[in-house]
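Written out below as structure tokens is the structure these notes cover.
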């Protein structure tokens, strides 16, 4: 197996196959669920808006893949600093049956100098998730923070407040995941000594098998080849799947999606 094939197989099994579009429908989510089951293995999860969780749960069960996890988003995509709303949305997502919640950190508040509200928001959402055995991923929106010190600070605050994963991006802004921001965030995980309990998720802009290979190489360099499993590493993507399957000898690499 070539290096690209090996990394593509790893990446496929770490995917949060995503649709977060305004025109999402039950039919589109059902189609997404069908895509999670591939000839070379299943994706780790799907990531969808909360209202589609029940139909996704039913579809995954019917196709014989109930173990595929369902992630959803809250405080999304704006990352406002209203803790009550973020918490209410997170509780609603849990009530819908989410296995994982990807909450947007109040990154603009941090850029304006307020570190406390981010901590408090993540901590409140974490308490709700922990009580329901739901994983919490915190999206820090690196492409808006831009500055290395801010990316580092948002990562540190999220981890201190209880994040199970730190995630680069919503996929809804001009700049999403980059290898540079990924390295900064994973270095924070390493420097804080929390690699056993905190994972990393690049999202948005990871489109090709070669992209995925680059991101996995950074994780392998920092933590060794065994770290990036489904509890510690995810790719938030949709168009990536077709490219991975093509690298693995299935399909033509074409995808209808841009995430």
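Backbone N, Cα and C define each Cβ position, glycine as well.
Since this is a predicted model, take the numbers as computed values, not measurements.
If you look up Swiss-Prot, you'll see 102 (among others) marked as active site, proton donor/acceptor, on the strength of sequence analysis. In the three-state DSSP scheme, residue 102 (active site, proton donor/acceptor) is classed as strand.
Marked as active site, schiff-base intermediate with acetaldehyde by Swiss-Prot: 167. In three-state terms derived from DSSP, residue 167 (active site, schiff-base intermediate with acetaldehyde) belongs to an extended strand segment. A simple way to gauge crowding: the CB of residue 167 (active site, schiff-base intermediate with acetaldehyde) has 28 other CB atoms within 10 angstroms, across all the protein chains here.
Just so you know, the Cβ of residue 201 (active site, proton donor/acceptor) picks up 29 other Cβ atoms within 10 Å once every protein chain is counted. Swiss-Prot lists 201 (among others) with the feature active site, proton donor/acceptor, giving sequence analysis as the kind of evidence.
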Inter-residue Cα distance where the pair is residue 167 (active site, schiff-base intermediate with acetaldehyde) and residue 102 (active site, proton donor/acceptor), in Å: 8
